[in-house]
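Enquirer: So Swiss-Prot says this about it:
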BINDING   PRO95, GLN96, SER97, ARG98, GLY99, LEU100, GLY101, SER102, SER103, ALA104, ALA105  ATP binding site
Amino acid sequence: MGVEIPVGRKATVKVPASTANLGPGFDTLGLALGLYDYVTAEVIESGLEVEVTGEGEGEVPLDERHLVVRALRATLKEADVTVPGLRVSCTNSIPQSRGLGSSAAAATAGVAAGNGLAGFTLDDQAQVQIASTFEGHPDNAGASVLGAGVVSWTNTPIDGVSAPAYHARRIDVHPDIKATAFIPDFHASTEAIRRVLPSDISHVDARFNVSRTAVMTVALRDDPDLLWEGTRDRMHQTYRAEVLPVTAEWVNRLRNLGYPAFLSGAGPTILVLSTEPVDNALVEEARGRGMKVLELGIAGPVEVDVTG
């Protein structure tokens, strides 16, 4: 059994939302967004206390099943430390089940809090590994851990037994690029949306997406003029349009007007990456149809402050 962390030590975490895929980079590209959840984890004498306000309040479990708690416990175990008890408080602004990385943010917050309580013994890639384990892919978690843009990948062991190895590397984002999120007033299940995807795609479509993913990395870092071309996709958005017709309508409409729009993660949120704001008339129309429209900057990495 490892060292026990003293009662009273507290980790306060600010974790960003994220968007994944960015059009062609399915389960590969991610981007941290300036919308945040805040988590405080304090060591107490015994037991577990969980409090949630904001997004998810009254909907998520307030016990060991809570994702922040699960990720925090996993991190403490990896760091070989223990706690007599925990008080976890979450103040959430990231909409849940909307394609903005709420679950990855929760996992990242738990990992960051655990790492802070343990004395910052784990490096960034170790934190990406633990957080991604709860996701099954590292694009969102990588973005929340590292900030800015990320290229991510997964190495799946051939023995079929060992755990996958998740990796992410940061891409600095051109300072002129901003995000506009069009957030519909309904949820989407990532698992359900993934089920509509075919098991195979054509070589032509695969080649198309490989090239546009490469273009997108250049667009993000150096050349925002390439954002429209870099967000083109033939791998997943067409299939998901069948179950997200409102989202598909807005993606197509925005793109036809020249905006680099795409499905954010599994949706239903639509994201535009550009150097210019979206026309106010479109924004007001979207709001009139029940959408929340947020102008977001590109975020830095998860932040942790430890006291006690």
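Placement of Cβ uses the backbone N, Cα and C atoms for every residue, glycine included.
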Enquirer: Taking every protein chain in this structure into account, which of the binding-site residues PRO95, GLY101 has the most other Cβ atoms within 10 Å of its Cβ?
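Expert: Within the set of binding-site residues, the most crowded position is GLY101.
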Enquirer: Excluding PRO95, GLN96, SER97, ARG98, GLY99, LEU100, GLY101, SER102, SER103, ALA104, ALA105 themselves, which residues in that chain have a Cβ inside 8 Å of the centre of the Cβ atoms defining the ATP site?
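Expert: Everything else in range on the chain: ALA17, ILE94, GLY265.
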Enquirer: If I restrict to non-local contacts, at least six residues apart, and a C-beta distance under 8 angstroms, what lies near ALA105 (ATP binding site) in its own chain?
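Expert: Listed in sequence order: VAL15, PRO16, ALA17, SER18, ASP37, ILE94, ASN140, SER144.
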Enquirer: Using all protein chains in view, find how many other C-beta atoms are within 10 Å of the C-beta of GLY99 (ATP binding site).
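Expert: That number is 30.
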